[in-house]
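A.B. asks: What Swiss-Prot shows for this protein is this:
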- HIS91: active site, proton donor (ACT_SITE)
- PHE25, ALA59, PHE60, GLU61, ALA83, VAL84, ILE85, PHE116: 5-amino-6-(D-ribitylamino)uracil binding site (BINDING)
- ALA88, THR89, ARG130: (2S)-2-hydroxy-3-oxobutyl phosphate binding site (BINDING)
Amino acid sequence: MYHIKTIEGQLDSKGLKIAFVAGRFNDIIVDRLVGGAVDYLARHGCEKENMTLIKVPGAFEIPVVTKKLAESGKYDGIVVLGAVIRGATPHFDYVCNECAKGVAQVSLDNDLPIGFGLLTCDTIDQAVERAGSKAGNKGVEAASAMLETVRVMQQI
């Protein structure tokens with residue numbers, strides 16, 4: 001349509017080494033995100049022996065562990081997964097903002113695609129909907145975004 005060279009990422013994860021960083025807080029939700037992401041990448045060719053899951057206490061710990069993984073040079077991409085549900089205090093805002101900023105900075109500093117699957121919901125029902133119910137599985141979406149970005153970057 002535009003008559004120019006276009007680079008797009010193919011959704012083929014064969015041969016890639018992928019790490020997942022998942023918060024244990026709200027694990028009933030997060031486990032569904034992890035399951036969706038792992039299944040998605042396996043269906044797109046990633047061998048299970050090339051996938052590593054690292055569990056951390058919660059969303060606030062995700063950036064530092066993601067940084068360590070990125071700096072190791074062992075992984076082609078990382079998927080971060082967690083669920084933060086709003087409470088009565090501003091704690092929610094601080095945790096969500098710092099996690100997002102930290103993960104984005106790790107991605108930029110290391111030229112490494114990171115799929116961001118941190119649910120930030122007002123209610124547990126919203127989280128359930130986004131973890132494989134009415135609103136799909138945001139773990140799958142994070143894995144897909146990471147995979148496509150890995151393949152785009154390999155062509156640049």
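Every residue, even glycine, has its Cβ placed from backbone N, Cα and C.
In the displayed structure, how are the listed features positioned relative to their neighbours?
C.D. replies: The Cβ neighbour count for HIS91 (active site, proton donor), using a 10 Å radius over every protein chain in view, is 12.
Annotation note: ILE85 (5-amino-6-(D-ribitylamino)uracil binding site) sits in a strand segment as assigned by DSSP.
Within 10 Å of the C-beta atom of ARG130 ((2S)-2-hydroxy-3-oxobutyl phosphate binding site) sit 23 other C-beta atoms, taking all shown protein chains into account.
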A.B. asks: According to DSSP, folded down to helix, strand and coil, what is GLU61 (5-amino-6-(D-ribitylamino)uracil binding site)?
C.D. replies: helix
A.B. asks: Which of these binding-site residues has the least crowded Cβ, counting other Cβ atoms within 10 Å: ALA59, PHE60, VAL84, ILE85, ALA88?
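C.D. replies: Candidates: the binding-site residues ALA59, PHE60, VAL84, ILE85, ALA88. Fewest Cβ atoms within 10 Å: ALA88.
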A.B. asks: Specify the nearest of the recorded positions ALA88, THR89, HIS91, ARG130 to GLU61 (5-amino-6-(D-ribitylamino)uracil binding site), where nearness means the distance between Cα atoms.
C.D. replies: HIS91
A.B. asks: Please state how far apart, in Å and to a whole number, the two most distant Cα atoms are among PHE25, ALA59, PHE60, GLU61, ALA83, VAL84, ILE85, PHE116, the recorded 5-amino-6-(D-ribitylamino)uracil-binding residues.
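C.D. replies: Result: 16 Å between the two most distant Cα atoms.
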A.B. asks: Nearest to ALA59 (5-amino-6-(D-ribitylamino)uracil binding site) by Cα, among ALA88, HIS91, ARG130 (recorded positions)?
C.D. replies: HIS91
